[in-house]
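Since the structure comes first, as structure tokens, the remarks are kept for the end.
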Amino acid sequence: MKIKVINQSKHPLPEYQTPLAAGLDLRANLDEPVSLEPLERKLIGTGLFIELQAGYEAQIRPRSGLAFKYGLSVLNTPGTVDADYRGEIKVLLVNLSNETFVVQDGERIAQMVIAKHEQIQWDTAETLSETERGAGGYGSTGKS
Ligand SMILES: O=c1ccn([C@H]2C[C@H](O)[C@@H](COP(=O)(O)OP(=O)(O)OP(=O)(O)O)O2)c(=O)[nH]1
Ligand SMILES: [Mg+2]
């Protein structure tokens, strides 16, 4: 599918890195490097503006390599970009390591997955159907 995009960044449009990839890597669009101290969070701009089709969202997720090697994550993962949002796509990075992480301009800091979603209407009720699980959760089925 096609998605309308305005690229005000200094970088090429996000690309799928492999033929069947789900995520498009997002690059930081910075005037200068940005430091993240341990447990610090910062909004990083991408310089990208998109117009999603109705019924679609863009999810902003961490990159596993950055998470594994540097403890870098996306605080609100998966971030939700609504189809009616017209602002700049931003990434809320958080440094969960004990060391300062420096984000460089153009670095691939997160990935974006375009996903279909539903919008619902509430069907207010007095009771819900019975199931085997019932209200069990949070480990109710055991460990092994
Ligand atoms: O990682 C993200 C998450 C959100 N957004 C943008 C697009 C989204 O449509 C808008 C609002 O996001 P969200 O609904 O998660 O934030 P909110 O705190 O509920 O703000 P609002 O009251 O504006 O909805 O911010 C991003 O650019 N990146
Ligand atoms: Mg919201």
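Residue numbers in this text run from 1 along the chain shown.
Every residue gets a Cβ built from N, Cα and C, even glycine.
Feature list (source: TrEMBL):
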BINDING   R63, S64, G65, N76, T80, V81, D82  substrate binding site
COMPBIAS  134-144  compositional bias 'Gly residues'
DOMAIN    11-142  domain 'dUTPase-like'
REGION    125-144  region 'Disordered'
Task: Candidates near ligand 1 among the binding-site residues G65, T80, V81, judged by a Cβ under 6 angstroms - done: T80, V81
Task: Greatest inter-residue Cα distance in Å for the substrate-binding set R63, S64, G65, N76, T80, V81, D82 - done: 26
Open item on the list: On the three-state reduction of DSSP, what should I expect for V81 (substrate binding site)?
Closed with: strand
- [ ] Compile a sequence-ordered list of residues in the same chain as T80 (substrate binding site), six or more apart from it, whose Cβ lies below 8 A from its Cβ; state 'none' when nothing qualifies.
- [x] E57, A58, Q59, I60
TODO: Run through the Cβ atoms and count how many others sit within 10 Å of the one on G65 (substrate binding site).
DONE: 10
Task: Protein Cβ atoms within 10 Å of N76 (substrate binding site), excluding its own - done: 12
Task: Secondary structure content of the compositional bias 'Gly residues' (134-144), with strand meaning DSSP E or B - done: 0 helix, 0 strand, 11 coil
Open item on the list: For the domain 'dUTPase-like' (11-142), what's the mean pLDDT in this predicted model?
Closed with: 98
TODO: Please list residues from the chain of S64 (substrate binding site) whose Cβ is under 8 angstroms from its Cβ, counting only those at least six apart in sequence.
DONE: none
Task: Spatial neighbours, same chain, of V81 (substrate binding site) - Cβ under 8 Å, 6+ residues apart - done: I50, L52, E57, A58, Q59, I60, I89, M112
- [ ] For D82 (substrate binding site), just count the other CB atoms lying within 10 A of its CB, please.
- [x] 11
